[in-house]
């Protein structure tokens, strides 16, 4: 919570002004019972109309002052809370952007979304309520007790005894409610996870008729959220009857003792009225506590969740550029890597080298470590053992930012952003000109297809490029990587949806490009054009060589070849 509230520091002056205005409003409210007592004792009971007019005018003036202070307090409280919300979301987003793949995986995507939206909103609401009401309520209680004792010690004593009992009860509710609302936020994460998965996989769900199954899954998670939320709210709502019961008993005792004191002549009517007035105002302040407790406990749970992200060790941001363009030489020396919280190594003792402008094809079954190998090159992960060299320099000695600026990476899962085709291609390079965008599209063999669309490069894509075919999305992703003019190009099964003719044109265009290309593929037709082929199995590099070398020396490669071309194909080679 403390970490989250650090974003309030720039607005401490404005928050201070809001508090002063709130105290002004509170002071006026605490003075009103005393003025009413004056009007009753010195005006009404003595039939002195002048006192009624004088103190009545003072009350009206103070009420106007209180109204103005309240309006300004609301303005500053809203400004501070909204500014806090903006800065916190910005800080959280920047923090998440600094995470490596392994650090990012500590929380689920839906959990990040909940923390950036719902959790920040909960703390924002608490800040607004603190500057507007949350601090005012306890101050009203304390001020009401003190002034009640100042008016009449005997009658004020009833409040002095009752209020601490209620405060102890409220502290118990606060502690119990905090645990419940933390559980509510976790259940909300689970609901958000299911919603996110369903929105992403809606086509698959409809195609396989799994809608009813997913509805049941959602209802189950949503029911658990509802049950936990109801439990939390029931606890909070339980406080109101208890508060009202004890405070009403206290007011009855004050009335009973006050009437006895008035009869005996030891107390004036105005004093009893003033203390009853303070008691009702304190009751009003206490009646807000269930609502304030709910806000605070939810904000406390949310603030702790925000703090978890902010306190997570981010990866050291290695800013900087590389003075010269990389030649693209890559060397792996006995590299091993295991994902966090996984027992089995994803890569084990892998060694190979790629010369500048070479094309390396990587083959292997699912889970053999192909994509993992790619992710080590731009330092998305760090190897557990072994060394990786780029241009004969240890990769960890090259600034991460400068290294990644010279790498074009097309991941296995195509991801297009909302916006136009032009914006999606230009996303790979800031301030890219239209000519650069079109050149990259031509290399990726997508230029002619784009021109056939109604709005050409200004065609707006649906969510995740839903209005494009798989092959079109892959080629736009490749164009986005090529616009960077990379020294190293990593294609993670990025041509799987292309027909053989289009893929051949694409690879031929890339071969004229001055970059080292590593391509993960399942197609022998793609691999056989490469300068070198790496064959991975269960995280180990078991074979490497050219197409003809592997076809004659590797039984596994030969089986893959025959599965695609038949036994006659391998014999003819």
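Just so you know, glycine gets a Cβ as well, placed from its N, Cα and C.
For the ranges 85-105, 106-126, 127-147, the feature annotated in Swiss-Prot as transmembrane segment maps to 127-147.
With a 10 A radius on its CB, residue 370 (ATP binding site) counts 24 other CB atoms from all the protein chains. With a threshold of 8 Å between CB atoms, the same-chain residues lying at least 6 positions outside the transmembrane segment (275-295) that come near it are 29, 32-33, 36, 122, 125-126, 129, 133-134, 136-138, 140-141, 144-145, 147-148, 151-152, 155-156, 159, 163, 166, 170, 173-174, 177, 181, 232-233, 236-237, 239-240, 243-244, 247-248, 250-251, 254-255, 258. Residue 364 (ATP binding site) falls within a strand segment according to DSSP. The binding-site residues examined here are 366, 368, 371; by Cβ neighbour count within 10 Å, the least packed of them is 366. One way to see the shell of the ATP site is to take the Cβ centroid of 364, 365, 366, 367, 368, 369, 370, 371; the remaining same-chain residues with a Cβ within 8 Å of it are 372, 536.
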